[in-house]
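Accompanying notes for the structure given below.
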Amino acid sequence: MGPNDHGFAYILIFLLLSPPTHANRDANRLFEDLIADYNKLVRPVSENGETLVVTFKLKLSQLLDVHEKNQIMTTNVWLQHSWMDYKLRWDPVEYGGVEVLYVPSDTIWLPDVVLYNNADGNYQVTIMTKAKLTYNGTVEWAPPAIYKSMCQIDVEFFPFDRQQCEMKFGSWTYGGLEVDLQHRDKHLEKEIEEDVEGVDGPTKEIVWVVDRGIDLSDYYPSVEWDILNVPGKRHSKRYPCCESPFIDITYEIHLRRKTLFYTVNLIFPSVGISFLTALVFYLPSDGGEKISLCISILISLTVFFLLLVEIIPSTSLVIPLIGKYLLFTMVLVTLSVVVTVVTLNVHYRSPTTHTMPKWMKRLFVDFLPKYLLMTRPQPPGHHSKPNRKFDSRASTFSIGVNHVLGQNSELLSPGLNSNREESSFTLPRDNSPVRSAVESVAYIADHLKNEEDDKQVIEDWKYISVVMDRIFLITFTFACAFGTVVIIARAPSIYDNTPALA
């Protein structure tokens, strides 16, 4: 080992064995002197009747979750306390100029400020961090905490809703005459009167309000909620049991939901499915898929409704906005099933089962189509007279019969020749081949004419069903559009342009 190595070893041993620095000795001596006769179980006041003022402010770090189903808000906060402890004063000159000292918080008296409306039974802070002591006796303590607080969810306009959640803090043990809990920004307080529901009905109560009661300087923005306002309200209430008032500071967190997620995943699909209801009436009845489409739409809406039930709390106070829209759409789909059954019944009617009333033909065949912009196509070769084909067949048949009978005039009775121009004749009474042929041809002609008439009636029934489909198509399209606008547009947050604080 060379001389340089010996020198390094001496320096290292000196550093290890050297006593603490002067500052550390002073801080250690100060801590021992302060804690020597200190009783952390006793309220730090010089006289028993003296009131200890504790200033308190909430610093919101993160809004972790707002659980609508369980009505619980989870937050990550810092609880900023400050008070004067006369037992923790010292003269910096006597302790080497030490003006600030950090001590474990479990070695000094602490105010038992807890969250009253917690939802999981955890009233205390998460970590007992160190407290900051100043030579004049000021104690500052800002422990972090993750709280689950109760929050009554208003689902009336979900998912375009705004919520108001509260966090109520107060001393669990001391009354207002022993510990006066005040907001740290007391200089910004304003006094107002507030209506409060009491045991004997609504009463007026004096409340001290700080508009920006929560510190949002280190807030991490939420992906689901905008914070609109964070007032802090100080209440001083007296109860018949006690002489001392009980003081609490209630922080209100006004939230507005960011609607993009629910708009894309819930609103748009619901609106699209509702408009499919109208398209049912655009399908041809011969396809046989109208009822199937209606039932499929109804099942889809039921799935969305079950999804909504899993999200919102089980409340019977009000129906949420999206729930009203889904119910409205389900009613429309149910009506579309009923109407589709009626139109299919009309579509498949025939002369053997139903007789078409004259008013129905005039209304649905002659009157309504021109107002619905519908034009019925004419069959090929159709002219002004609908039964011209049968008239020509009858004329051909008459000419043929007259030709045959003209060559066999002895078979005709005298009345036949005299009335030939009226196409009436009398066949002989015997069963001649000519008589049988004429009767057969006449029967065939009548049968063809009846078939054509029946076919025309069937086509009229089908056309009436098409007209009904057009009427219901227009009606349901208008109903879907009108219902969508009226129901969705009722949400006040759609028109809310209030800038978010965070």
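Each residue, glycine too, has its Cβ placed from N, Cα and C.
Membrane topology taken from Swiss-Prot puts CYS151 and TRP359 on opposing sides. With a cut-off of 8 Å between Cβ atoms, the residues of this chain six or more beyond the transmembrane segment (471-491) that come close are 157, 160-161, 267, 271, 274-275, 277-282, 321, 324-325, 328-329, 332, 336, 339, 343, 368, 372. Residues 159, 290, 293-294, 297, 300-301, 304, 307-308, 322, 325-326, 328-329, 332-333, 336, 339-340, 343, 469-470, 472-473, 476-477, 480, 483-484, 488 of the same chain, all 6+ positions outside the transmembrane segment (264-284), place their C-beta atoms under 8 angstroms from a C-beta of that stretch.
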